[in-house]
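**Q** Please read through the structure below; I'll follow up with questions.
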Amino acid sequence: MPDFTDRLRPKQPDGPEILALERVDSDIVVEELAHHLLGQNGFLERQTRILPIIQKEPLFDKTQQQNLSRPKRFKLALARAKQLRRLSDQHGWSLEEYKLAEYLVDDVSPYMLQMEMFATTIEEQGTDAQRALWMPRIKSWQVIGAYAQTELGHGSNVRGLELEARWDRGNREFVLHSPTLTSSKWWNGTLGRTANHAVVMAQLLLPRPDSPDQFVSHGPQPFVIQVRDMTTHQPLDGIVIGDIGPKYGYATMDNAYMLFDSFRIPHSALLSRYAKVDPLTCHFSRHAMPAVVYGSLTAVRSRIVQHARLVLARAVTVAVRYTAIRRQFRDRDAPDTAPELSVLDYPTVQIRILPLLATTYALHYVGQTMQATYERTRSEIKSGSFASLANMHSMSSGLKSLCTMLVADGIEVCRRAMGGHGYGGGSGLIQLNNDYLSKPTVEGDNWMITQQTASYLIKKMSAAVAAVDDPPTDAMDGQYKLFLQGRAMGAPYRIFHEDYDLVRSFQRRATVLAHNAYIEREVKKRSWNSMMIQLHKLSRAQSQSILVSTFFDALNSENNLSLSEPLRRTLWDLFRLFALTTMEADSYDFLASKAASGAQLDTLPGRIQELMGRIRPHAVSLVDAWMIPDFLLDSALGRYDGRVYEDLFNRAHRQNPLNRMTVNPNYWEDEIVKGGDDMKNIRAKL
Amino acid sequence: MSPPDWVKALKPAGQPGSELLAQERSQSNVDVDKLAELLHTRAALERQDRLLALMKNDKIFDKSQNHTLGRTERIQRALAKGKRLQQLSVQHNWNYDDFYAANDLLGEPTPYGLHASMFMVTLREQCTPEQKKAFLERAEKYEIIGCYAQTELGHGSNVRGLETRAVWNQDDKTFTIHSPSLTASKWWIGSLGRTANHAVVMAQLYINGKNYGPHPFLVQIRDMETHQPLENVYVGDIGPKFGYNTMDNGFLLFNNVKIPHFNMLARFSRIDKDTGKYMRPALPALVYGTMVWVRSNIVLQAGSVLARGVTIAVRYCSVRKQFQDRDATGSVGENQVLNYKMVQIRLLPLLATMYALHFTGRGMMTLYEENQKRMMGAAQAGPDELRAGAELLADLHATSCGLKALASTTAGEGLEVCRRAMGGHGYSQYSGVGHWYADYLPNLTWEGDNYMLTQQVARYLLKSARSVLAGQAANNDTCRILKNYLSRRNKGASFDVLEQDKDIVDAFAWRASHLTFEALKHRDVEKRSWNSLLVEFWRLSTAHSQYLVVKNFYDAVNSPQLSASLGPETTATLHKLFRLYALHTLEREAAEFFSSSAVTTRQISLAQTTAVSKLLDDIRPHAVSLVDSWKFDDWQLDSSLGRYDGDVYPDLFRRASQENPVNDLVFDPYPWNANVLKNSPKSSKL
C-alpha cells in the first residue's frame, strides 16, 4: 500500500555514500586478503557457486522466521533440511558443499546429529560388519540417527550415567532400562522428533561369573538401536521420547528426552570395535582406543575454532559497517557547524570492536595451525609417535574453551556496541547470539575442561623440574627449563618495539603461572578444588600465549611474505592490537609475573589507541575480506551496500505481521484484536 | 498427553533436591525473614502475598506457553494480561506500588508498559495545571493511552540531533509536526506500535525559522473509535527483537500534522500565544528530571534483577551433583556443584553484588527524593537554596549516569554468568534465566548507552577537580575525596585493605581520585582532545561508580539500624558479603589499584590467593539462605531449576513432556516424502 513514507529518504550522507568512502580510503585489496583467508580448500569458490542456488529457493527466505511459534519454526526447519538434502542429490554435492549450503541457510539442522555424532560413532566404534550393515542406510538417510549420551542428572561426568544395559543370559540380549527419572536421556539433538535410530550410551551390566544373579558394571558403552517405527514414526513399545522444550536458542533442533522400560535389544546392538561381550560366556573384553581417536578430537576442536572465526567475523562485519554509517554527536572539540561523528570514530566504540576484529584473525591462524598439526602428525601416529599430537590434544581443551568464549562474548559486545538498534531483529545478531551461546557449555563445559589443560601443564612442569639439566624434549619443556635455570629473566621485554618480545612476554607469564600452580599442587600439596580458580587462569594464560605465538608465526611464514606491503603492515598491526589488548585485560598478571613492567603497562593504553587509529581506516575492508554474503548476515545494519535505515524501515513496515492486526486498547473491554480474539477465547485456549 | 504409568512412577536418583536444600537451610544461621524485611519492608512482603493470591489462580496470567508462542499470539496475550491487571487495579483500588509490584510478579512487559511509566511521568512533570486537567486525568483513567516518543531511527542518545520538527504557525496559533526524512522516524517507542492513541513527541521547536531545541508535544495519533492511525500519521510496530517481544515498540512518522498551541507541554518552556515569543525555562536542568528518575529506578532494580538469576543458580547448583572431588579417597559420591571453587568464584561474588546494588539503589533513591523536595521548594526560595539544589542535582546527575551504567551492565552480564554456571540445563528456557536476561538487556543500551553516559560522569569529575584545585570546592562527597587525595598525595597511602573495612572504602576513593587528576592532567595540561580521552573517561567513571557502590554498601552494613534489626550473626555475614564484593572488585581491577599506589602487589596477591578464597568458604554455607531472603515466589521465578523446594528434575520433565507443543508433532523425517508431518498433513503447509 503506497503512502507518504515511500518518498522519504534517510538524512545525508547516507549509508552507501559513507561505505563507498570507507572502501576508497583503505589501501587494502579486499580480494587479495579474501583469497589469503578463504582461498584454501576452495571455500570461497564453493560459496560463490552455491549461494545463488540457495538464494533462489523460497523455502530459505528468512524474513518471517523470527516471528514464528516454536512448532512452526521447527516445521520450517525440517522442510528446509529436506530440501537441502534434495538439492544435494540433485547437484551431486560433496559433504563439504552440503555443509556450505547448510551454513548459508543458517538453521541448526534437525538432522545435525545424523550427519555428525551418529554416523561418526558407528564409523569409529562399529566392527566391519556393523559398518557394512549401517553405513549404507545412514548415507541414504533411511536410517536417521541421534547420539544419546547425556542424561537429566548427568552431563560432563560420563561415568555417572544411569541408563542400564543388562545382559540377559537366557535370551542372549541386552535389556535397556531407565531405573530413575534422572536416568532419562536429555538434550540429545535430532532425537526429540526426527530420528528413528540412536546410538545410546548405557552402563553395561554383566553377570558375575561366580554368581550370575549379581551384575557388575563395565562402564558406559555405545549401543545402536531403532527407537521409532519406520512407517508410523511413533516410538516403539517400551520407549518414551519427546522434545525437551524451548531453549535460549537452537529453536530448530529437537533436543530430546528418552526413557526405556525393560526394552530388549539384540547382542549385535553393542558397537564392538573396542568393547566386546562374548554372547556365550558373557565375557567382556576391551581394547584401548588408538591415538587416532584423540587425533580426531583435535580435528573436531580445530573445526570448532575455524567455525568460531566465521561466527565472530559475522558479528564484527555487522558492527563495523553499521558503526561506520551511524552518526551520533559532534566531536566536543569541533566547531558547532561540524557534522556528527561516525560512531566508529569514538575510541570507546573502537576499543570494543577493533580488538574483536583482530581476534577473528587470531582465531583464523590458530585454527589453521591446529588443523595443520593434526594433518602433519597423522602419519607420525600411524608409526606410533604422537608426542606433538598429545601436546596439541591437551592444548585443544584450553583453546576450545578460550576461543568459544571469546566468540560468544564477542557477539554480545558487538551487539551492544551498536546501541539500541543492536537489540532489534534487524541487527542479524539475535539468532546468532542465541544459537552460539550454547557453545560455552556444550561439548565440555568451558570451565570444566580447562582442568585438563592445567593438569597437563603441571605434569610438564614437574617433568622439567625433575630433569632440569637434561636437554629439552620439546619446545614447551625447553621453555620451562630455561625459566627454571633462571636464564629467562623476565621483563624488560621490548614489547612495543619487537613483535617477538610480545610472544616471549606471553610465554613468560604462562610459564610463571604454570610454575606457581606446580608449587601449590606438587610442593605445598594444596587440594585440587581450592586451586580451581588458579587452574582456570593458567589454562587461559597458556591458550592466550598459543594464540599470540601462532599469530606471530603465521605472519612470519613464507606464505605471508608474498602478500602486498599494505596488507602485511595492517596484519602486523592487528597482531599487535590483539596481543596488547589481551595483555591489558590481565595486566596485573603480566606485572606480577615480570612479563611486563609497570612503566610499560602505563604506556599500554596510549599504544593501543595509536594502533586503533592506524587500523580504523581499514576496518571496513578488513571485514569485507571475510566475504560474508548479505543472505547469511540477514542484517539491516550490516548490509554490504549500507542501506541500513531503508532496510530497517522495510522490515518494520512491510514485513512485520503485527502491523496487520489492530488492537482494542481499552482495558474495560475484553476484545483484544478488533474483530478477533477476546479474553474469553484466550482463557479457553489455556 | 500424559506419560505412561511406568514413567510416572520414576523418581530422581540419589538424594532428592528437597533434602539437599533443607540441609543447606539448616546449616546457616542467617535470619532469612528478618533480612527479607530489611531488604523489602514488611509492607512490601505482605503486598506480594496479596497480589500473588489474586494472580496465580487467574488463567489469563498463565506463563507456560510464553516461550513457544509466535510473536503475534504472544503480544495479544500480553495485552490481555495488561488489561486484566488494570481491571484488578481498579477493582482493588491499587496504588502505584501495588501496580508496579504486580507487573514485577508477571515478569514480562505488557503493551501498557510505557503508558503507565514514561508517558504519565512526563505528563505529571511537564504539564501546566490546565494541561494536567486535560491530559493527565484522562491518562490515569486509561481514557487516553500514550507513549513517550523521543528516540528516532537515526538518533538515540543525542537528543539534540533529533530531526522531527514542530514549527510554530503564528497565524492560526498551531504547531506543524513533521518528519523531514526517513531517519526522523520515531523508533523504539514502547507501547506505540499497536497500543497507544496518543504520544508525547519530542520535536525540534522552530519559531520564525529559528531552532529552540527539542521540546515535548502531546499528539493524538490514532482514532479513538476505530484505533486506526489518523490521517498523515504513519505508525506501526518495529518487529521482533532480542527480547521484550511482548512490547509493541513502534515507529512514527508525521506528514505535516497540525496540533493546537495547548498541546505543547508548557510547565517549563512555552510560547506566548499572542506574540509568538519563546519563554525560557526557569530551571533548564529540571527538563532532564524524567531521565534522572528513570535512571534511579534502573539502579534500584538492578539488584533485584540480578538476585533472580542468582537465586536460581545458587539453588540449582546446590541440588545438582557432578563428579567426585578429585582428592577424595574412596567412593564418597558426587559433589554438589556449588562446592566447586570454579562455580563459587562465579556465583558468590554475584551474590554479594546483588546486595551491593540493592543498598546503593536505596541510597540513590533517597538522594533523588531529597533533591526533588529541595528543587520544588526552590522556586519560592532565594538564590542560595537554588544554587544548593543545583549542586545536588549536578551530583545526582553524575551519580545516576555512572551508577546506571555500572549497575545495569553488572546485572545484565551477571545473569549470563549465572546461566552459564548452570551448564547445559541453563540453556533451557525452563531455567527461567535466558528470557529474563534477554528482556533485561535493553537496559544496557537505553536511556543512554552505558559507554556514552560515562562521559557525563567524567565531565563532572573534572569540573569538581578543577574547583578543588581553585579552592572553590562544593560541599559534597566527591569534592571531599578529591581534597583528601590532594592532601595526602605526596605522603602516599597505606590502606590496610585486608584487615580494615574502612580502609577498603578509602582505597576505592583514592583510586578514583587518582584517576580523576590523571585525566585532568591529560585534558588541561597536555591539552589532549576530548575524543582521544574517552576510553580513559570510561575507566574513570567505572572507578568512581565502584567507589560509590563500595561506600554505600559499607554505610549500609555498618548502620546501627541494620545490626539492630538483624542480630549479630546475620550482620556478620553481610559484612563478609561487603568484603567479598570489595576485594573481588579490587582484585579484578588490580592494575589500577597498584598503579595509583592505593595498595601494594603483596596485598593484591594476598587478596587473590587467600582473602577471597577464605570469604568464599565462609559465605558458601549461607548461600541458599542469602538468596531465600530475597523472597522470590516460585510463580514469579517460573523456573524448574530455581524452585524453592529443589524438585528440579521432576519439574523439568513435567514441562518438557506436558507443556511442550512440539511433542504434538509427528514428523515425517524422510527427505523424499514431501510431507513434513505425519499426523496432520494440512498443517504441514508452511
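Backbone N, Cα and C define each Cβ position, glycine as well.
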**Q** Looking at B:1-25, B:476-500, B:551-575, which stretch does TrEMBL describe as region 'Disordered'?
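**A** It is B:1-25 that TrEMBL describes as region 'Disordered'.
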**Q** Applying a 10 Å Cβ distance cut-off over all chains shown, what neighbour count does B:T151 (FAD binding site) have?
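**A** Taking every protein chain into account, the count is 22.
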**Q** Are there 3 or more C-beta pairs under 8 Å linking the domain 'Acyl-CoA oxidase/dehydrogenase middle' (B:147-257) with the domain 'Acyl-CoA oxidase C-terminal' (B:502-664), counting only pairs at least 6 apart in sequence?
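**A** Between the domain 'Acyl-CoA oxidase C-terminal' (B:502-664) and the domain 'Acyl-CoA oxidase/dehydrogenase middle' (B:147-257), contact is absent.
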**Q** Give the residue counts of the domain 'Acyl-CoA oxidase/dehydrogenase middle' (B:147-257) per reduced DSSP state, in the order helix, strand, coil.
**A** 6 helix, 52 strand, 53 coil
**Q** Could you tell me the mean pLDDT the prediction assigns to the domain 'Acyl-coenzyme A oxidase N-terminal' (B:31-145)?
**A** 94
**Q** Can you give me the same-chain residues 6 or more apart in sequence from B:G190 (FAD binding site) with a CB-CB distance under 8 Å?
**A** B:P109, B:G113, B:L114, B:M118, B:C147, B:Y148, B:M247, B:D248, B:N249, B:G250
**Q** Please work out the helix, strand and coil residue numbers for the domain 'Acyl-coenzyme A oxidase N-terminal' (B:31-145) from the DSSP assignment.
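**A** The domain 'Acyl-coenzyme A oxidase N-terminal' (B:31-145) comes out at 84 helix, 0 strand, 31 coil.
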